[in-house]
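Features reported for this protein in Swiss-Prot:
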| type | residues | note |
| --- | --- | --- |
| BINDING | 280, 283, 315, 322 | [4Fe-4S] cluster binding site |
| MOD_RES | 2 | N-acetylthreonine |
């Protein structure tokens, strides 16, 4: 029942339109406002260890990574790029610092793009013409990756520290040099470890150019801290239409970066939602062990790549309502659980059978969804909500 209060209904919440950008192709992945926001990560292996690097790329691909970056600090790493680029399932970007000759090695190796750091490549300004010519001939884009920790000393001297203005001016200066040589397939990042400074830098940059932007909070920290920093910064920017690719930088296995990145995009409806688990934080009203129940359901549905919302609720306050709103859910109490499927109670089971029943029903619903849309492409990990 709807109660009218004589007030206009607010519009449905939506994000700001994507900021209009020029379009690039990184391998087979489109980048820019005409394409979905993509998730990137970076290998932690030694690039010259080809087998280990390709194994990690395969793991990242399976986790939903769209583009992968590899380090190239030595000649032996540069020598390995061709084989890695040839066998990788997703586009490979070479990450170049200090030595400009590795830029040309990466281009010759068939990498899908090259990231250059103008702050630490010796005499980079004087080599831009050569880089632009080689990249243009190969048809690959260049990412100008400015980082607060390695900002060009000219801009450090001018601004005193890595301010948003310093980061943006450094990036646009280098972009202008490429443009002077007729090369415009450019993507830019201006990373900082402080999310507030990072957001300000990207807002300033977005207002001053039409290049696609790669978002990142650099050196974000361990998994928990880095996840919070990245989610806050990405949410602030993406909700305003700013950002075309993202990389969550964590002191954690790179697969975790991809999981967080995908979840950020799903949370903003910028990527099709996968399995979602909704669960309550628990309180004194809970009549079951919500933590254990939620974790067991999540583990049992791991890898089920269908857009199901599963609600696991611990009491009768919000439990029935949340369970009815989900595709599948349980409202628990008094040692038992009411199982809901698409808003209807289908059975009541003992507490010991809740997890097993939810998993069985989730598998059944997933099979039905597959029959209705056999060509559907899995889009991530299941989401389970426990309340």
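Placement of Cβ uses the backbone N, Cα and C atoms for every residue, glycine included.
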**Prompt:** By a simple count of other Cβ atoms within 10 Å, which of 280, 283, 315, 322, the binding-site residues in the record, is least packed?
**Reply:** 283
**Reduced DSSP assignment, residue 322 ([4Fe-4S] cluster binding site)** = helix
